[in-house]
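The structure appears right after this line, and notes come after that.
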Amino acid sequence: MMEFVYPHTHLVAGVDEVGRGPLVGAVVTAAVILDPAKPIVGLNDSKKLSEKRRLALFDEIKEKALCWSLGRAEPHEIDELNILHATMLAMQRAVAGLSIVPEFVLIDGNRCPSLPMPSQAVVKGDSRVAEISAASILAKVTRDAEMATLDLAFPHYGFAQHKGYPTAVHLQKLQEHGATEHHRRSFGPVKRALGLASN
């Protein structure tokens with residue numbers, strides 16, 4: 001993988017999302033501007049880190065970053081817009097929530113939302129760009145905590161384990177118990193569980 005070449009500017013925000021694939025809950029995004037004077041060791045793609053390491057980095061990022069912000073799109077917005085457009089909206093919200101306006105925004109993936117400043121999509125950015133890695137960690141820890149809370153409210157589904165992704169266990173529980181109000185009704189397995197799918 002080629003080393004990423006940063007844009008010639010100072011205030012660079014990294015943006016990433018977590019939760020495009022799950023059948024339940026919001027898609028959560030984060031935007032982070034790191035402080036060059038306060039480097040954070042060990043930033044890497046959140047999916048490659050242990051949960052313990054993610055939690056430690058979560059606190060360190062919030063403490064050391066120049067600024068950070070979370071964004072989200074709720075299940076009803078995902079159902080209305082589709083998952084791609086809802087993700088773009090959540091990314092826009094994360095960037096808009098930053099207390100410092102970035103001069104440039106780096107987005108994980110291959111597509112950028114419409115933003116009021118220059119931006120660039122970076123494929124595999126969560127493992128190539130520190131700001132995107134930091135955003136990935138903030139988004140994942142936040143969404144995982146939301147799934148743990150949802151698990152307490154709906155203990156039959158196993159949300160704390162599968163985080164809402166369409167695992168065999170989740171699909172089985174969906175058949176047994178039906179969908180919660182937090183499920184994404186536009187997603188095929190949820191439609192089928194609700195009897196809304198057109199065969």
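Even glycines carry a Cβ here, placed using N, Cα and C.
Take the divalent metal cation site that Swiss-Prot assigns to D16, E17: the candidate from D79, D108, D144 listed for it is D108.
In the three-state DSSP scheme, D16 (divalent metal cation binding site) is classed as strand. Counting only same-chain residues at least 6 apart in sequence, those with a Cβ under 8 Å from the Cβ of D108 (divalent metal cation binding site) are G14, V15, D16, E17, A121, V122, K124, G125, D126, V129, I132, A135, S136. Cβ proximity to the divalent metal cation site centre (mean Cβ of D16, E17, D108, cutoff 8 Å) flags the following additional same-chain residues: V15, V18, T29, A30, M91, I107, G109, G125, D126, I132, A135, S136, A139. Residue density at D16 (divalent metal cation binding site): 31 other Cβ atoms are found within 10 A of its Cβ, drawing on all protein chains shown.
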